[in-house]
Structures are given as structure tokens and as C-alpha cells.
């Protein structure tokens, strides 16, 4: 609460409230890890219960999944570049890389939604089998997080344009970068334990 | 959307129609009263928009009292129904609904808000902070909890109560066997309240880790602060599991997925596992803060430092870790096999070790102490033997082989009431009698308090002790009646009589609140109990900024030593600086309203209406994102005025220990 400003720290850590917010967000990410772990556990239990419906080999298309993966991994890299620019106090570079990040994220989302529509057309809906229920909920939760992240980042971009780089906008940018990297990490697990294991294992 | 208007309001049952009339009358009385006394502005400014941790705590506690009524009435109805064999007071369906809501309300909407309320009031004061780390988030936590609680509570008059038990096991809780909206209420109301609890957990971890006053290292924290920290960590580790479980339940019920169904590959056991992966830690989420309260009360009224502080800390950390490793003991009989059952049997019994350490520490704290038999202390003393009965029967249930005999009987019901009532409810009462002057500036009447204690304690034992024996004789839980030939009737009758004594005890408590509010002496000193921790170093009731100057701590029981050395107690006026405080906000209340409306539409599966209402949630988030309100500053002059008011009255500040 107090305006205990320490200018020797990076912009996002300068005020006491910012330090509290960033720690709080790390703990929130801890809760998110539990949340996704639970969803992975559910998928682990139900992932091979096909109930005479399609199996991963019937529906997954590795090429599309690879493109999605590349888009999301790259977006995480550009998000890192954005924070790097922020540390150098370059608003323009920060905004550019943030927008690139969001475009990549949007591309990922577009591909994922297309993938889902494709599955539904093939008759693989979340009502078909326990495998597909857990598949759609795990990926859907991740996709919903990405969607939420895109809207959230747009809010922050507007605030960066309105207010420039301040300790508060810097903290907000830093926090969403943590969120974005986290979603990337979750995707790596999805890619491994859902797609690769489903098609190769 | 195909709304069936005639199925929304429950009609036909005289008990429920009576409740509907009572609810409408109460609402008219409240609205009329607020309008007549012109209190709407006051309600909005002082309470609905507050971000002050003390007021939020008081609102939690008031909700707890209210929910105790509701859950208690449910309990009394069950006792009335089973008082005699083959009674027709409640039918089977109504009985199912009542034991379900009783369980959910007592755990999630009575025990939790009481404890989180006390945490809110006390913890920032104990660590010498001005508020929690995120005051507005704290208000949002409360309002989401309240929204969820109200949504759950209206179920019995609007649409029908959930009826699959507080554990809501599948396949019973699925759409196939419970087609009504009752279990939708369960899935959605608990989800909303659970979000609030998760935020509380995050908030208190950050508050305790980062906002302790100068000199208060972790090992100098009061025990209640320690238990709050560990509880918050368990909340963050366990509540997301429940979030997922409830979300999957919602999808199964509303959108036809197959997580827990019997068909298409679903697994009903998955629900049982997820539920108890959260549910068992939940037991420790309610019982650890209660242990913290007993630690404070026993140390204060034994006039000694808490015995074995370090072992207490190690014990609560140990309990927290073990709490995550015992969940299978809730369903030993469901066929996991001897190896799995053995593992969970052993982890279960391991919990008795740190718990035993704590019991001995409390006993040793009292040893050679000059014990004062205040009401708060009586609750703490009553807790120990009663809780030990609960603990020992828990070890009996923990033996997997023997559990086949006890499982699903009233023995189990008696056991967990012996754990939760002494372990949580006694603690809540102890905490309320103890911290009441800090919250309101007057004490609860000690004499009425003692009537409250004895009636409640005797009533509790008369109610639940017979249930151990009923259970051993084979009386199953959740059965709405039994035959005369079973021979259960005498013990059931004793139990029913006990529940009336128990209810009388609670009535005395409510009367005590009323009596003390009207007649108790005001201007109690800031430290009426001659206590040991920092919350007693400031005014009663506490001024909104908590401390004019943040205290500096040198050792455990900081305030006790400050009094002993007579240092750090007098306010030096030149040390006062402007204080930065957060502004009030109506946004948390708004969020509760839109969450409540969205939840209500989802319960009835009106998806389009729910989607429209959900836009309200998004708007709230956007407003919050663009909110740059940085709070306000309290001037030095204002602080001086407020401080001089309480410091100058007789007995305002204590400079010595008794």
C-alpha cells in the first residue's frame, strides 16, 4: 500500500504494492498448476476409454498440432522479447512485441478452434466418450485461458498507450508475461502427454 | 430455453411454504427497516463497499451465525424425524435434501466463514500490518463466498435442494439419477464460493509472508498466524482440485459429458477420488485455524508462553503434508485392494502423531500456569477431552479392515461430529468470546457465556455419544427412519433430546450477543484479558488504520514483553506519519451480484440468459483493469485526534502485566 519506491529495482518491482502483486500472482500460478495437474490426472484416467468411439490415431492430425505448437512457442519467445524491451524502457519495442505475441496467440487459437470443429464434424464430440470428454475439457481449459489472456493483454496494451511505461503498467505487463509463459508450459505437457502419447505411444 | 415456470417455486410441503413466507416477511422487514431508519447510505458506505479487513471479517462472522441457524435447523429436523421409529414427519426425499444441505452448509458456509472471518479480523493485527495485501480482492472473496452461499440457500424454496449427500457421489448425483436442478445448485453455488476461498488463500499467504512488522521473523509469529499461513497454503493446493471436480460435474450434468457416468467410459470412482483429494485437506483447512485459536486462548489464560512453540509449528506443517496423503480412507470399502488400503491406513494413523504432539503441548502450556476460567478458556478446556474422543475413534476408523464394520454407520457420523464440533465450533466460540472486545469494543457477558458453554457441551455429548453405540449396533447413516424391532429407538430418542439442549446453548449465545450489545459496559480497555500478542496493543474496537505507528517486535509474545519492559507502548507524536489507505469499492459487491445471477441461470440451464449475465462479469473485470484509484492518505492531525481519544481514557493503554 505504501508508496515505498525503490528505483534501483526493475520498473515492475519498484513499488511495494507491485512486489506484493507479483508474489500473489506466482501463488495464483501455483493454484493453476494444481488445476491443470488435476485435469491431466483426469485425462490420464479416462484417456483410453474410447467407448467404441474414435481413438487418438483416428482423429489427431500431427501437422496441424505441430503448427499450433510452433505458433504458441514462438509467442512465448516474443513475449520474452517484449519484457526485455520493457526493461530497456522502450515502449515502442514493448508494444510491437506484445502485439506480435497476441497475433501468434490468436493464430494458435484459430488453428485450435478449427481443429475442434473438424473433430466435431467427424463425430468426435465431448459427449461421445470419456476420452473425448477429458480431451475437450483439458484442451478447452487451456484454450479458454489463452482467449482470456488475449483479451487481458489488449486491456494492458490500451493502458500502455494511454499512460506509457509507469511502475504500475510495467507490473501489469510483467504479470501477464508470467501468465503467457505459464500457458506455454502447459501446452508442452499437452503436446507430449495428449498428442505425442496418443499418436505414438 | 423451455422454461417450466411452474417448477421453479417449490410448493405443497407445509414446512417449505412456511419457510417461503418467513423469507418474504424477513426481506420486507429488512428493506422496510433500512428505509424507515434511512440506513441505506450507511449500509452501502460502511459495509457493502468496505475493503477494511476487520469489517470484512465481521461480515464473514455474521454470515457464519446466519448459516449456523440454517444448518442447525436442518440438524434439528433430522433429529425430530429419527426421534421415534417409523415417523412420518419428513419423507425420504425431504430427509435426503436436509442431510445434504446440513452437511454442505455446516462445513462450507458455517465453519469456513467463521474461521476466515476471525483470520480476517485478527491476522493483520497480529503481524502489525495495516490491512491484508490485497484489500479489494479480500472484499471480492467475501462477496463471492456470500453470493455462493445465498445461491445454495435458496435452493430449497426455488427449484429444489440437492439430495445426493454433501459428498454428491456419482452416479447418484448425475443427471440420470438426479434429474432435477438441486444438484446443479451444488455444482454451481459451491464453485462461486470456492473461487472466493481460493482468493482468500492467496491473499493471506502474501500478507503473512510480506507484511509482517519490523522484527517479526517467521518463528516469532503468533500461533494463530502460523496456522492461518499453513491453512492458506492448503487452500491454494486443494481448492483447485474441487474447482475442477465441480466443473466436470457441471459439464456432466449440463452438457452431457462422460466423466463420472456409468456409460461411455466414465468413472464414478474418479469423482470420489477428486472430491476427497480436496475434501480431506478441507478438514484441515477448518481445523488448523481452530488449533491456532486454542493456542492463543490457552497461552493467554494460563498466563504462560505456549509450550513447545517449535514442535507446534512442525506439527502443523506435518499435518498439512499428511492431509494430502490420506484421501482414500474415505472409501476403504470401495474395493481399492489391500495394498492401497494399507498405505492409506498408515498415513491416516500417522496424522495422530503431530495431533497428539499438539494436545500435549496445550496440556503442558497449562501445567503450572495460573489458569483463569474465562468462557474462552472453558471452550478450550472442553475441546481437549471431546476432541480426543473424536481423534481416537478416527484411528479406529482408520484401520482399513475394521472400517468395513464401521463404514456408513452412525459411528462414522458420531466420529466426525466429535472432531468438527469440538475442533472447530468450540474454537470459533472460544475465539469469538476472546476477540469480541477487539472487534466491537465491548465484551460478551461471561455469565451467559458459561451457560452457553455448559448447555452446548452437555447437549453435544448427549446428542452424539449415543450415535457411536447406534452405529456399532448397525444403524446406517442417511436413513430417514428405522423399525421399532431394530431396538434403536431409546438411543435415538436420547440423541434427539440432546440436540434440543444443544440448540438451547446456541440460543443462549444469540441472546448473549443481543444482551451484550444492549447492556455491556463500553470503553473496555484495549487489553481486557492481559494478553500476549500485538492485536491487543491497539484500540478496542480497532481504528480503521490499525496502528498509528507500526510496532517493532523483538520476541515471541511481543506485546506481553512490551508490557513487561514498559517499552514501545507510549505513542511518540513526532513518529506519526501520514498513513496510506485503500479506497472503498462497490465493484466486489457488483461482482457478487452478477456471479449470483449468472449462477442462478446456469442452475436452471437457461444458457442464453447465463451467457448474457456473464457479460456482466467481463464488464466488472474490465472496470477493475482500468481502475487506477490509489487510495487516500490519513493526515497526521486526524491520527493524533483518533489516538488521543482511546489513549487518554482510563485503562486505555496497559503498561504492566498482571
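Including glycine, each Cβ sits where the backbone N, Cα and C put it.
According to TrEMBL, the domain 'Cytochrome oxidase subunit I profile' annotation covers B:36-554. Averaged across the domain 'Cytochrome oxidase subunit I profile' (B:36-554), pLDDT for the predicted model comes to 95.
What TrEMBL records for B:15-37 (among others) is transmembrane segment.
Counting same-chain residues at least six beyond the ends of the transmembrane segment (B:58-78), those with a Cβ under 8 angstroms from any Cβ of the stretch are 15, 47, 89-90, 95, 98-99, 101-102, 105-106, 109-111, 113-114, 116-118, 120-121, 142, 145-146, 149, 153, 428, 432, 439, 499-500, 503, 506, 510, 513. Annotated transmembrane segment per TrEMBL: B:58-78 (among others), in sequence order.
Sequence annotations record features per position, and here TrEMBL assigns transmembrane segment to B:137-158 (among others).
Summarising the annotation, TrEMBL assigns transmembrane segment to B:185-209 (among others).
Feature annotation from TrEMBL assigns transmembrane segment to B:229-251 (among others). For the transmembrane segment (B:229-251), the list of distant contacts is 115, 119, 168, 170, 173, 183-184, 186-188, 190-191, 194-195, 197-198, 200-205, 208-209, 221, 257, 259-260, 271, 274-275, 277-279, 281-282, 284-285, 288-289, 316-317, 319-320, 323-324, 602: same-chain residues at least six beyond its ends, Cβ to Cβ under 8 Å.
Taken from TrEMBL, the feature transmembrane segment covers B:283-301 (among others).
For the transmembrane segment (B:313-332), the list of distant contacts is 219, 226-227, 230, 233-234, 237-238, 272-273, 276-277, 279-281, 283-284, 288, 291, 340-341, 343-345, 347-348, 350-351, 353-355, 357-358, 361, 397-398, 400, 403-404, 407: same-chain residues at least six beyond its ends, Cβ to Cβ under 8 Å. Residues or ranges marked as transmembrane segment by TrEMBL: B:313-332 (among others).
Per TrEMBL, the feature transmembrane segment maps to B:344-364 (among others).
If you look up TrEMBL, you'll see B:376-402 (among others) marked as transmembrane segment. Sequence-distant contacts of the transmembrane segment (B:376-402) (same chain, six or more residues past either end, CB-CB distance under 8 Å): 294, 297-298, 301, 329, 332, 338, 341-342, 344-345, 348-349, 352, 355-356, 359, 362-363, 411-412, 414-423, 426-427, 429-431, 433-434, 449-450, 453, 457, 460-461, 468, 529.
If you look up TrEMBL, you'll see B:414-435 (among others) marked as transmembrane segment.
The transmembrane segment annotation in TrEMBL covers B:455-476 (among others). Tertiary proximity for the transmembrane segment (B:455-476) is limited to same-chain residues at least six positions away from its ends with a CB under 8 Å from its CB atoms, namely 79, 382, 386, 393, 406, 408-415, 417-418, 421-422, 429, 482, 486-488, 491-492, 494-495, 497-506, 508-509.
Long-range contacts of the transmembrane segment (B:488-514) within the same chain: residues 65, 68, 72, 75-76, 79-80, 82-85, 429, 444-445, 448-449, 451-464, 466-467, 469-470, 473, 475, 482, each at least 6 residues beyond the stretch ends and with a Cβ under 8 Å from a Cβ of the stretch. TrEMBL lists B:488-514 (among others) with the feature transmembrane segment.
Listed as Cβ neighbours of the transmembrane segment (B:15-37) (distance under 8 Å, sequence separation of 6 or more from its ends, same chain) are residues 9, 43, 77, 94, 156-157. Tertiary proximity for the transmembrane segment (B:414-435) is limited to same-chain residues at least six positions away from its ends with a CB under 8 Å from its CB atoms, namely 61, 64, 106-107, 111, 114-115, 118, 121-122, 283, 286-287, 289-291, 293-294, 296-297, 300, 374-377, 379-380, 382-383, 386-387, 389-391, 393-394, 396-397, 444, 449, 452-453, 456, 460, 463-465, 467-468, 470-471, 509, 529, 535.
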